[in-house]
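Visitor: Got a structure for you, written out below as structure tokens; questions coming shortly.
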Amino acid sequence: MAALELHKPEIHEEEDESSVEEVRLTVSNEDDPSLPVWTFRMWFLGLLSCVLLSFLNTFFGYRTQPLMITMISVQVVTLPLGKIMARILPETKYRIGSWEFSFNPGPFNVKEHVLISMFANAGAGFGSGTAYAVGIVDIIMAFYKRKISFLASWILVITTQILGYGWAGIMRKLVVDPAQMWWPTSVLQVSLFRALHEKDKARMSRGKFFVIAFVCSFAWYIFPAYLFLTLSSISWVCWAFPKSITAQQIGSGMSGLGLGSFALDWSVIASYLGSPLVTPFFAIVNVLVGYVLIMYMVIPISYWGMNVYEAHKFPIFSSDLFDSQGQLYNISTIVNDKFELDEVMYQREGRVYLSTFFAITYGIGFAAIVSTLTHVALFNGKGIWQQIRASTTAKVDIHTRLMKKYKDIPSWWFYSMLAVSLALSLVLCTVMKDEIQMPWWGLLLASFMALIFTVPVSIITATTNQTPGLNIITEYLMGVLLPGRPIANVVFKTYGYISMSQAISFLNDFKLGHYMKIPPRSMFLVQFIGTIIAGTVNISVAWYLLTSVENICQKELLPPNSPWTCPSDRVFFDASVIWGLVGPKRIFGSLGNYPALNWFFLGGLVGPVLVWLLQKAFPTRTWISQINLPVLLGATAAMPPATSVNFNCWIIVGVVFNYFVFKNYKKWWQRYNYVLSAALDAGLAFMGVLLYFSLTMNGISIGHWWGAEGENCPLASCPTAPGVHVEGCPRMATESGEITIVCNHCDRDIPAANIDLHRVHCARLEKCNICGDMVPKKHADEHFLTAHAPCIFSMADQRIVTCEFCEFPLPAVDVAEHQEVCGNRVSNTRAGGGGGNGRRRRDGNGVSYKRLFFTVAVTGIAVLMGSLFFQRKPLRGRDK
């Protein structure tokens with residue numbers, strides 16, 4: 001797509017068709033203003049959907065296998081329910097003064113259905129499951145074990161959700177009304193609604209096509225989700241080279257570069273980047289270029305070619321934190337009782353290390369967020385300014401003209417909501433400051449950042465279906481300004497990043513209402529009421545679980561197989577520790593290992609300028625104007641948790657449908673492309689719910705077999721540096737460079753080529769608990785009797801045994817008497833509370849031969865002197 005330029009103001013000029021082809025092929029140019037929207041059916045089904053989705057998504061979000069029910073499930077279910085209500089409800093009209101209403105004003109219509117879906121979308125957290133701020137309450141109560149009042153929690157959740165309405169109201173005329181801001185996901189929803197409600201005379205109607213695709217998606221998903229898990233990542237390179245670390249690093253779709261990896265699972269294809277059938281082709285190309293450059297050029301050169309940041313010590317693809325020896329960083333040891341950084345323990349544990357891939361993607365994330373501002377200023381700044389100056393006289397398309405029939409939303413509604421949200425937030429940051437740690441100026445700074453970034457990020461989302469995130473920059477900034485305050489860091493991120501994200505979700509819904517010709521005031525009230533209800537249900541359910549489930553989220557304290565492990569909150573907690581507790585200064589600053597990554601900020605600032613200059617220098621080269629650096633640089637922003645197999649499949653499917661099918665079978669694409677995407681989503685959602693309630697909750701599994709073991713690339717996450725030992729991984733011997741594998745039975749380094757033969761032999765052996773030797777199992781008793789059993793004669797050669805209390809080596813014949821005394825002494829010491837301050841225990845792994853020789857020598861001298869003494873003649877007795 002060429003560089004976006006909003007239309008110049010031209011009076012009395014209108015268009016009967018949208019300037020965007022995808023919109024022109026999908027969205028209807030007709031409207032029926034007489035269709036009722038404020039119906040009893042809409043309120044009943046909408047509020048019910050909102051409450052149910054809010055409750056279910058919050059409740060199941062704490063479980064080991066979280067479940068998220070999305071708006072699309074409600075869209076499919078409420079259609080027959082609405083039609084049933086239209087048949088059974090009475091048509092009687094009631095009057096209250098001049099106001100007349102009926103429980104059944106006529107057939108169930110598409111506008112009611114859209115508003116019900118808006119309620120459901122609020123209940124689904126606008127695609128995120130629950131309100132983001134609930135995670136803050138979770139980590140305060142479940143991880144940090146601190147107190148926060150319910151009132152403070154409710155204000156935090158509601159204000160962070162509602163604040164985005166203010167930004168959306170300010171920006172609505174800029175990113176909703178213009179035709180070029182076409183919001184691809186809204187076009188997808190339009191296609192689904194038309195498929196469900198419109199009847200056509202074609203051989204294969206869109207409704208029939210939806211049902212067929214839905215059934216196929218529903219039936220197929222049981223294979224990758226339950227029966228044949230390997231279908232979620234088919235990494236054939238790993239199968240071809242089962243003993244090669246490098247091959248598996250290259251071929252693994254889950255833990256490596258994913259070369260040749262693919263999936264037959266729609267959830268893998270659409271989970272992180274959205275549906276590829278919806279994303280425009282030029283955006284797919286930008287993602288493809290960015291992905292190939294980063295994944296197949298930058299990462300291989302950094303890892304194998306230059307060993308950047310000691311890359312070989314760590315997995316090639318990982319979001320974990322490591323110490324200098326390549327082991328997982330023990331975060332719990334650097335947090336003191338006040339949940340602040342323990343400087344002494346941090347110095348002892350050492351600096352935090354990242355995998356090279358994770359470090360580089362952080363740097364690219366820095367560049368992506370800054371390039372968003374530069375790109376929009378250069379390529380869209382003129383159009384935005386024109387739209388601001390002449391929003392009422394600008395050239396409009398057919399959809400904007402049709403929407404003028406309805407009363408617009410008064411601006412004071414948005415400003416009032418913004419003022420109330422900020423006022424409540426200031427109360428939270430002043431009166432209840434001790435509960436959230438963030439000062440009042442942090443709120444104002446976060447709000448300013450959200451306001452500044454809402455327009456450019458909205459434009460990127462509206463035209464490319466890709467949304468750059470503010471999470472990195474907000475975490476970074478607050479980590480620098482207020483280090484050592486983890487709660488303040490996540491609260492700042494929520495007000496700065498999530499309020500912007502909420503604004504974009506609201507704007508997206510406004511565009512859907514724009515396409516479906518829903519009265520704007522109806523859209524506003526449904527979104528507002530749904531958000532308040534959903535947020536209240538979210539925090540109420542969370543509060544109940546946090547106060548009633550003992551040790552919730554504490555996996556090590558929960559009973560075996562307990563489902564309340566809170567995996568998402570664990571990641572959120574780790575982020576609060578890294579950015580808020582340790583702080584970016586100790587990672588990306590002068591006290592960390594990665595200060596050079598800050599140069600990416602400058603690269604993101606300058607990059608779009610170079611593209612803009614190239615476009616001006618070569619105006620006939622149209623491909624230059626299609627370079628979108630925020631999308632290109634942000635291609636890998638979702639990695640991790642997204643993996644290479646997600647990108648591989650997403651790119652392939654997107655190119656096939658939005659280039660080849662769109663180019664060669666445009667009529668088919670026009671009728672069925674978006675319907676297919678919605679049907680695949682719906683089938684997956686319903687089968688996912690069915691599997692969860694019928695099998696997962698009851699602990700029913702398919703059992704162990706090759707296809708249920710994932711992608712079968714166990715070596716892909718192994719380090720390759722000499723001397724680094726990770727359990728279950730081969731390692732390089734430091735001298736010869738030979739690859740070895742540690743035997744789990746005998747703990748010895750075995751050459752990888754001989755490991756299979758060694759394991760067969762080693763399985764016949766048993767480790768001696770006393771000397772550590774490996775002896776045949778059938779001779780274990782004989783070995784103990786001959787090597788370690790106590791001897792009968794004290795002057796015979798003694799077998800040395802270590803005391804289990806003090807770990808002091810002594811002759812086996814004396815060990816029983818010694819341990820009786822030593823055990824009582826240890827018990828008394830522990831009872832007196834001095835167990836932690838005693839002398840350091842002796843190392844029992846070796847025997848002190850000097851002490852043994854000295855003991856034997858003294859004993860021998862004593863025996864010799866005694867024998868000489870008793871051999872002397874007795875003295876004569878006194879005469880009587």
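Cβ coordinates come from backbone N, Cα and C, glycine included.
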Visitor: Can you check which of 1-21, 820-840 TrEMBL lists as region 'Disordered'?
Guide: 1-21
Visitor: For the transmembrane segment (596-614), which recorded stretch in the set 40-60, 180-197, 281-304, 352-379, 524-546 gives the largest number of Cβ pairs separated by under 8 Å?
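Guide: Out of the listed stretches, 352-379 contacts the transmembrane segment (596-614) most.
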Visitor: Any chance you could find the range in 40-60, 209-229, 352-379, 412-433, 439-462 with the most Cβ pairs under 8 Å to the transmembrane segment (67-89)?
Guide: 40-60
Visitor: How about long-range neighbours of the transmembrane segment (180-197): same chain, 6 or more residues beyond its ends, C-beta under 8 Å?
Guide: 4-6, 18-20, 22-23, 26-28, 72, 75-76, 79, 109-110, 113-114, 117, 174, 206-207, 209-210, 274-275, 277-280, 458-459, 461-463, 465, 507-509, 511-512, 514-516, 673-675, 677-678
Visitor: Using Cβ distances below 8 Å and needing 3 or more such pairs, separated by at least 6 in sequence, tell me whether the transmembrane segment (412-433) contacts the transmembrane segment (148-168).
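Guide: Contact criterion met.
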Visitor: Which listed range (148-168, 209-229, 352-379, 439-462) shows the maximal number of Cβ pairs under 8 Å with respect to the transmembrane segment (524-546)?
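Guide: It is 148-168 that shares the most Cβ pairs under 8 Å with the transmembrane segment (524-546).
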